Amino acid sequence: MASGGGSLGLIVFLLLLQPKPCEAWAAASVLSTSGFPSGFSEAPRDNPPPPTRVRMSKATTRSPFMNFSLVCGQPFMKIMGGVDAEEGKWPWQVSVRVRHMHVCGGSLINSQWVLTAAHCIYSRIQYNVKVGDRSVYRQNTSLVIPIKTIFVHPKFSTTIVVKNDIALLKLQHPVNFTTNIYPVCIPSESFPVKAGTKCWVTGWGKLVPGAPDVPTEILQEVDQNVILYEECNEMLKKATSSSVDLVKRGMVCGYKERGKDACQGDSGGPMSCEFENKWVQVGVVSWGISCGRKGYPGVYTDVAFYSKWLIAVVNQADCLHPVVFLVLLLCSLTS
């Protein structure tokens, strides 16, 4: 009927007049459409440094965490020392996979989003993630979920040095939180992690450099101390006799004694630090020179530095679909 069509047209017109929360963010992210170096053996760095325990300044009254999830950073298991991670210690840790093959780590930041490194992503490849199990092979408590959409930072580059090495993966469907599946907290831009903070890096990467490109079966954990990018840059320039700045803003480093580091296969995984009884992801495993070499810190993407980009991508992706769904629903009701 003509009157029904007119009403629908008016409703759609009014919807289009409404300000869209995502519009301001539309240029903040890009869908991954071009190839990037990735994979278990090809990651530019797959050799990042371990984390440290977060110490934060309390001068600000703003929340130190971004609102990606109503709950985050409080696993049911307590974190303790060791090499193999106990079941449920790091419930935000995920394995980013191609078919059944582990290629990189990642972290669950809410029920439908995973944070990883941009260098882990190739275009035109179907990825999935495995969540909920410390074993990279077994599926006792785990789920394998296809990736719906991939967002790589638009300024990601591997020219001279790796820059803007961060990406977001939207899952095909949300997961339910359990003792083995739980998101990590994401720091706000004002989150001031201090040098020397003790954090932990986790992953299924190589235990020793030069080992076969096969992931370790059981999730590994290693503690590291945070080094801010200025000091880290000087350390790596000295170690490599380079005059080029290798570590810049947007990066953070981790270092402990020789032999304690991330390695190939750990890329994209989290550097997690405890703050006020919550675990916050300070870094994303990005790159390094060899693994666990004395005087060579591992380099991570600084998550707090990119927090606005992260929230922009999630807002844009999550607000687009409800409007489309509403218009389609109205069409079906009036047809």
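Counting begins at 1 with the first residue displayed.
Backbone N, Cα and C atoms are what each Cβ position is placed from, and that goes for glycine too.
Annotated features in Swiss-Prot:
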type     : residues  : note
ACT_SITE : H119      : active site, charge relay system
ACT_SITE : D165      : active site, charge relay system
ACT_SITE : S267      : active site, charge relay system
DISULFID : C104-C120 : disulfide bond
DISULFID : C199-C273 : disulfide bond
DISULFID : C232-C253 : disulfide bond
DISULFID : C263-C291 : disulfide bond
DOMAIN   : 79-315    : domain 'Peptidase S1'
CARBOHYD : N67       : N-linked glycosylation site
CARBOHYD : N140      : N-linked glycosylation site
CARBOHYD : N176      : N-linked glycosylation site
SIGNAL   : 1-24      : signal peptide
Those recorded positions of C104, H119, C120, N140, C273 having Cα within 10 angstroms of S267 (active site, charge relay system): C104, H119, C120
Cα-nearest neighbour of H119 (active site, charge relay system) within the listed recorded positions, C104, D165, C232, C253, C273: D165
Most Cβ neighbours inside 10 Å, all chains, among the disulfide-bonded residues C104, C199, C273, C291: C104
Overall pLDDT for the domain 'Peptidase S1' (79-315), taken as the rounded mean: 88
Spatial separation of C232 (disulfide bond) from N140 (N-linked glycosylation site) - C-alpha basis, Å: 40
Cα-Cα distance linking C199 (disulfide bond) and C253 (disulfide bond), given in Å to the nearest integer: 11
Fewest-neighbour residue among disulfide-bonded residues, criterion Cβ within 10 Å, set C120, C232, C253: C232
Site with most surrounding Cβ atoms, counting all protein chains shown within 10 Å, from the recorded positions N140, N176, S267: S267
Recorded positions clustered about C120 (disulfide bond) [Cα within 10 Å; pool: D165, N176, C199, C232, C273, C291]: D165
Cβ neighbours of H119 (active site, charge relay system) where a neighbour is any other Cβ within 10 Å: 29
Mapped DSSP class for H119 (active site, charge relay system), helix or strand or coil: helix
Cα-to-Cα gap, D165 (active site, charge relay system) vs N176 (N-linked glycosylation site), nearest whole Å: 28
Rounded Cα separation (Å) that holds between C232 (disulfide bond) and C291 (disulfide bond): 16
By Cα-Cα distance, the member of recorded positions C104, N176, C291 nearest C199 (disulfide bond): C291
Nearest-integer angstrom distance between the alpha carbons (Cα) of C273 (disulfide bond) and C104 (disulfide bond): 20
